[in-house]
Ligand code: PAF
């Protein structure tokens with residue numbers, strides 16, 4: 001595996017190597033990321049991963065400074081997973097000057113859920129993802145894999161790629177879970193031992209909400225309020241626990257199995273976790 005830092009070196013490393021398959025990450029890799037990389041190896045001729053902690057998608061009070069940076073270990077894991085090229089730009093490679101031109105995603109998709117609780121988050125995500133896609137693909141077609149754990153991010157990126165007519169297939173990677181059901185996340189490392197044991201309660205809350213939503217005569221607003229109260233009673237501070245249409249993340253007019261997704265974000269101690277469940 002070749003590691004490159006500048007955009008010029010990335011393009012040189014990819015020249016003449018065929019169709020890229022790409023996995024963007026912020027590093028501190030876990031088994032979920034590595035499953036996306038293995039998925040990507042079947043989607044192109046050359047597998048590329050990026051590691052870049054993107055300051056544009058962090059709010060001032062969030063964990064940009066403390067976000068774990070583990071490049072050496074990540075590089076070893078990527079190589080073992082079949083990655084051919086690691087693009088690890090420095091801040092000055094990707095943002096050589098302040099990034100004053102930004103992607104403004106459709107507010108109907110990007111200002112709800114995560115975007116409501118983290119204003120500007122999807123502007124930061126879309127701005128860096130558009131730049132990364134441009135660096136990797138530069139006009140030649142290929143595929144990029146995004147984890148389904150970040151469900152809304154996957155939808156926002158898909159819509160951006162469609163609207164900018166980028167020649168990239170956005171492929172979903174299934175969420176990897178620990179044995180107890182907790183979705184793997186780089187931020188799980190912030191959890192203390194007691195919190196880690198408790199953390200699966202978010203997934204369990206989504207399962208219970210989804211099951212209750214499909215019961216005859218279910219009243220979604222009541223169920224969502226009950227789910228929030230139940231999580232609070234277990235010591236969480238939830239941002240949202242909700243059932244939406246898979247198609248556009250809007251509240252569903254009818255509760256039809258196979259068209260819905262339960263999404264949740266909640267803080268346990270100082271750690272904010274998100275998860276979702278299609279049903
Ligand atoms: O999902 C992530 O890790 C990040 O949001 C991404 C897509 C790498 C953009 O910084």
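Using N, Cα and C of the backbone, Cβ positions are placed for all residues, glycine too.
Positions annotated as active site, proton donor by TrEMBL: 33. As annotated by TrEMBL, ATP binding site applies to 26-33, 147-150, 184-187. The annotation (R)-pantoate binding site is assigned in TrEMBL to 57, 153. Residues annotated as beta-alanine binding site in TrEMBL: 57.
Checked against ligand 1, the binding-site residues 28, 30, 149, 184, 186 give no residue with a Cβ less than 6 Å away from one of its atoms. Under a cutoff of 8 A between CB atoms, and with a sequence separation of 6+ in the same chain, the neighbours of residue 30 (ATP binding site) are 176, 184, 185, 186, 188. Rounded to a whole value, the Cα-Cα separation of residue 149 (ATP binding site) and the residue listed as 'active site, proton donor' is 11 Å. Residue 33 (active site, proton donor) and residue 147 (ATP binding site) are 8 Å apart (CA-CA, integer value).
According to its DSSP assignment, residue 147 (ATP binding site) is in a strand. Cβ neighbour count within 10 Å across all protein chains ranks 33 highest among the recorded positions 33, 149.
In space, 26 is the closest of the binding-site residues 26, 28, 32 to residue 57 ((R)-pantoate binding site), judged by Cα positions.
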